[in-house]
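S.K.: The feature FMN binding site is assigned by Swiss-Prot to ARG60, MET61, VAL62, LEU63, MET64, LYS65, TYR75, SER76, LYS82, GLN104, GLN139, SER140, TRP184, ARG194. What Swiss-Prot lists as substrate binding site is LYS65, TYR122, ARG126, ARG190, LEU191, HIS192.
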Amino acid sequence: MSDATSMKHPSGLTSGDFTAAEEPFALFAEWFAEAVASEPNDPNAMALATVDADGLPDVRMVLMKDYDATGFVFYSHLASQKGQELAANPKAALLFHWKSLRRQVRVRGLVAPVTDAEADAYFATRPKQAQIGAWASKQSQPLESRFAFEQAIAKVAAKHLLGEVPRPPGWSGWRVTPSHIEFWHDRPFRLHDRIEFRRDDPAHPWSKTRLYP
C-alpha cells in the first residue's frame with residue numbers, strides 16, 4: 001500500500017493485529033512487501049551494527065539483498081571495516097526503519113559468510129559499472145583524491161571492456177542468522193506495540209514475548 005495512514009484502524013493498529021503472529025519470517029515478509037510499496041527509496045536499507053577489537057560499536061547503512069528463514073544477506077568487501085570486525089567477532093545487529101509505515105524491525109544474531117556460489121550469483125546481477133567499482137575500490141582504506149579513484153575505475157573498465165566481469169576475490173557476502181527479531185509499530189501517545197521472537201538454536205521453535213513500549 002502506498003499510504004501508511006490507509007492501513008490504520010481508529011484503534012491505531014494496522015489492518016490485522018501483527019502481535020498475533022507466531023512466526024517472524026512470515027511477518028517480516030508481509031511488512032517488507034508493504035515497505036517496498038510505500039517507502040520512497042531503498043526499502044531494503046538496514047543499519048548494520050558490529051563491534052571493533054576494543055568493543056567499540058560501529059554502525060552503517062547497508063542493503064539487504066536476500067532473506068529467507070535462514071537469515072538476512074548483504075554484500076561488501078571482506079577487507080572493509082565491517083568485514084574485519086565480523087571476521088573477529090561474527091555477531092551483528094540489524095535495524096530496518098520504514099518511516100512511511102511507522103515501523104521498525106530489529107534483528108540480532110550470528111553472522112557467517114555466504115557460499116562462493118551465492119556470492120558469484122549475486123555479483124553477476126549487478127550493473128557492470130558497479131562490478132567495476134567493486135574491483136577499483138579498496139573500501140575503508142585512505143583515498144588520496146576522487147581523481148585517484150576515477151583513475152582506478154578507468155583502469156579496471158579498460159581491462160574488462162568486453163565480456164563479463166568476475167567477482168573480486170575480496171568481495172563477498174554475509175548472512176545474519178537471527179536469535180532475536182523484534183517488531184515495533186508506532187501508536188498514538190507513544191503507546192506502541194512491540195513483540196520479540198527468540199530462539200537459541202535455528203533448529204528450535206521460536207518463543208514470542210510482548211514487550212512494554
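From the backbone N, Cα and C atoms, a Cβ is placed for every residue, glycine too.
Could you give the neighbours, burial and distances for every feature on this list?
M.R.: All chains included, 21 other C-beta atoms sit within 10 angstroms of the C-beta of TYR75 (FMN binding site).
Under a cutoff of 8 A between CB atoms, and with a sequence separation of 6+ in the same chain, the neighbours of TYR122 (substrate binding site) are LYS65, ASP66, TYR75, GLY173.
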S.K.: Relative to the Cβ position of MET64 (FMN binding site), how many further Cβ atoms are located within 10 Å?
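M.R.: I count 20 other Cβ atoms within 10 Å of it.
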S.K.: Looking only at DSSP and grouping its letters into three states, which state does LEU191 (substrate binding site) belong to?
M.R.: coil
S.K.: Show which residues of the chain containing GLN139 (FMN binding site), separated from it by at least 6 in sequence, have their CB under 8 Å from its CB.
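M.R.: When sequence neighbours closer than 6 are ignored, GLN139 (FMN binding site) has SER76, HIS77, ALA79, SER80, GLN81 within Cβ distance under 8 Å.
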S.K.: How many whole Å apart are the CA atoms of LEU191 (substrate binding site) and ARG60 (FMN binding site)?
M.R.: 29
